[in-house]
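First the structure, in the form of structure tokens, and then the observations on it.
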Amino acid sequence: MKKQGILNRELAGILAKMGHTDQLVIADCGLPIPSGVRCIDLSYTLGKPTFLDIVEAVTTDFQAEKAIVANELSKHNEPVHQELDDKFELTYISHEELKELSKQAKVIIRTGEATPYANIVLQSGVIF
């Protein structure tokens, strides 16, 4: 039995398959999931698991070279914005552009987060 890192076998498997520049999305419970994009739905109740808990867990196992969020996050969700800004060098686009970009993601990881604009696109980097 695996004893550390991501235990969810579907999520661990997709992270292992990510290549350089592939993108994944960690999303709140309200982000539309585009047709044809794989979704790993981790939500089990409103607010759980939190967006930030999943960001932390994923980035422990995943090398991100780029982090993209909606411009609206800084105005409408300061606590989440501050945590992300402390962790990443953020790139900002509109929420509509983020939804469009999510159509190219290898996977969308849906959380139970129920706060505005708590979504991030992470682009895979390399570990060497």
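Easy rule for this one: first residue shown is 1, then count along the chain.
Cβ atoms here come from the backbone N, Cα and C positions, even for glycine.
TrEMBL: automatically predicted annotations, no manual curation.
Feature list (source: TrEMBL):
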- H20: active site, proton donor (ACT_SITE)
- D28, H95, Y117, A118, N119: substrate binding site (BINDING)
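On the structure: features taken from TrEMBL.
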residue	record	Cβ neighbours (10 Å)
H20	active site, proton donor	11
D28	substrate binding site	22
H95	substrate binding site	17
Y117	substrate binding site	21
A118	substrate binding site	28
N119	substrate binding site	27
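H20 (active site, proton donor) sits 24 Å from H95 (substrate binding site), taking the C-alpha atoms as the reference points. Listed in chain order, the extra residues whose Cβ falls within 8 Å of the Cβ center of the substrate site residues D28, H95, Y117, A118, N119 are A27, G30, L31, V69, A70, E72, L73, N77, L98, E113, T115, P116.
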